[in-house]
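Visitor: I grabbed these lines from Swiss-Prot:
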ACT_SITE  92  active site
ACT_SITE  274  active site
DISULFID  105-110  disulfide bond
DISULFID  265-269  disulfide bond
DISULFID  308-341  disulfide bond
DOMAIN    74-378  domain 'Peptidase A1'
SIGNAL    1-16  signal peptide
C-alpha cells in the first residue's frame, strides 16, 4: 500500500494533472522583527510556549500559543474572493482554521497587513457565525463566511474563511504573514469551519489526497505541493509513519538518543509534525537533558544559547521514528544569526507531547497523506 501511494503520487506529478505547487519564501521571523523594535524582551516575559489545546466551550474558542509562530519563516501567497484579493499566509499543519484580516478589524496588527473587503467580492457569503482563537494573552475575534480561495492553479469555491475583527496586542503587527491557513485534520477546526485541504479533497481538486513540504535551508526553492510527491526534493526512500490521532499530524517517536544513549522520550512519546512551529518542542525535563548534553546554556529569557565556535564538536541528536533513525546535526538544530547561536530545542512545562517544527522539516522532506493517514519522511536534498 505504501509503495502504491508513492507510485500514484509520483505518477500524478509526471502527468502534471491537477498538481499544485505553491512556492514558499523565507521571510523575517517575528522574533527578529520584535528584537529590532526592542519588543522581544517584554514579549518573552509575557508569553508561554505550548501546544494548541482542543477546541472547547461556547463559541468554539481555540487556544494557540502565540510563540508557536515566533520563529516561523516560510510563507506563501493565496487569493480570496472575486475578483481575487492577495494575501500572504502561513501554511500551518498544526492548526485547521483559515483566516485573514478584514476591513472590520481596527487593531494595529490588521492595519499593518492586507485586509479582506467582503463588499468587493461577488462570491462572499456571510455565515453569521463567530470565530475566536486565543493567542497567548489575547485572542483573534472574527466572523465566518464562505468565499472562493485560489491557491496556485486551484480555484476552491464555497470555502469557509475566518475574517478577523480583532487581533491580539501588537505582536501580529510585525509578522510578515497576513493570515493562517491550517492544514491539520477537520477535528481540530472550529465549528462550522471546513479546512481548505478537506474542501479541495471533497471537490476532487487534487490528484491525490496528500500534500508534501520541502523547506530549503537557505530559503530559496522551498515548496508546498498539493496532490503529489516530488522525488526531486529528497534522496533515498520515503519511510512511512502511521498517524496515531487524526487531529494533528501526530505519530509515535520511539526515542531520542545522543551517542547511542537515550536522553529523551524513553519508552516512546507522541509528536506532531508542524510547519507552523519553527523549533523542536518537548517536555521541559526531556529538553533540559538535551540542552545539557549539547552544551547549551540558559539565558535570562529562558532560551538556550550555544557557543558558535563549538558547533563542529557538538553531538548529533537522533530521533527514532517507527524503527528508522533521523539524525539532526548541530548545524541543523542550531540557529545562527549575527554571530549568535541558539538551540533549536524548546521546553514546554504543561505537555507531554512533542512538536517537530521547521528545524526537523528542513532536514526531512515531509508527506502528509490524508487518504491513508500516514506521514512520509525522507532526507531532504
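Just so you know, the numbers here start at 1 and follow the chain as drawn.
Here the Cβ of each residue, glycine as well, is placed from N, Cα and C on the backbone.
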Visitor: Compared by Cα position, which of the recorded positions 92, 265, 269, 274, 308 is the closest one to residue 110 (disulfide bond)?
Guide: 92
Visitor: Tell me which of the recorded positions 92, 105, 308, 341 ends up closest to residue 269 (disulfide bond) in space, Cα to Cα.
Guide: 92
Visitor: Below 8 Å Cβ to Cβ and six or more residues apart, same chain only. Which residues does that give for residue 92 (active site)?
Guide: 180, 181, 182, 183, 184, 274, 275, 276
Visitor: Just to confirm my parser: what is the rounded mean pLDDT across the domain 'Peptidase A1' (74-378)?
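Guide: Across the domain 'Peptidase A1' (74-378), the average pLDDT comes out at 94.
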Visitor: Give me the CA-CA distance between residue 341 (disulfide bond) and residue 265 (disulfide bond), in Å, as a whole number.
Guide: 25
Visitor: Using a Cβ cut-off under 8 Å and a sequence separation of 6 or more, which residues in the same chain sit near residue 265 (disulfide bond)?
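Guide: Sequence-distant Cβ neighbours: 253, 254, 255, 256, 282, 286, 354.
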Visitor: List nothing but the one residue from 105, 110, 269, 308 whose Cβ has the fewest other Cβ atoms within 10 Å; the candidates are the disulfide-bonded residues.
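Guide: So among 105, 110, 269, 308, the disulfide-bonded residues given, the one with the fewest Cβ atoms within 10 Å is 308.
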Visitor: Can you tell me how many other Cβ atoms are located within 10 Å of the Cβ belonging to residue 274 (active site)?
Guide: 29
Visitor: Would you mind reading off the Cα separation of residue 308 (disulfide bond) from residue 105 (disulfide bond), to the nearest angstrom?
Guide: 43
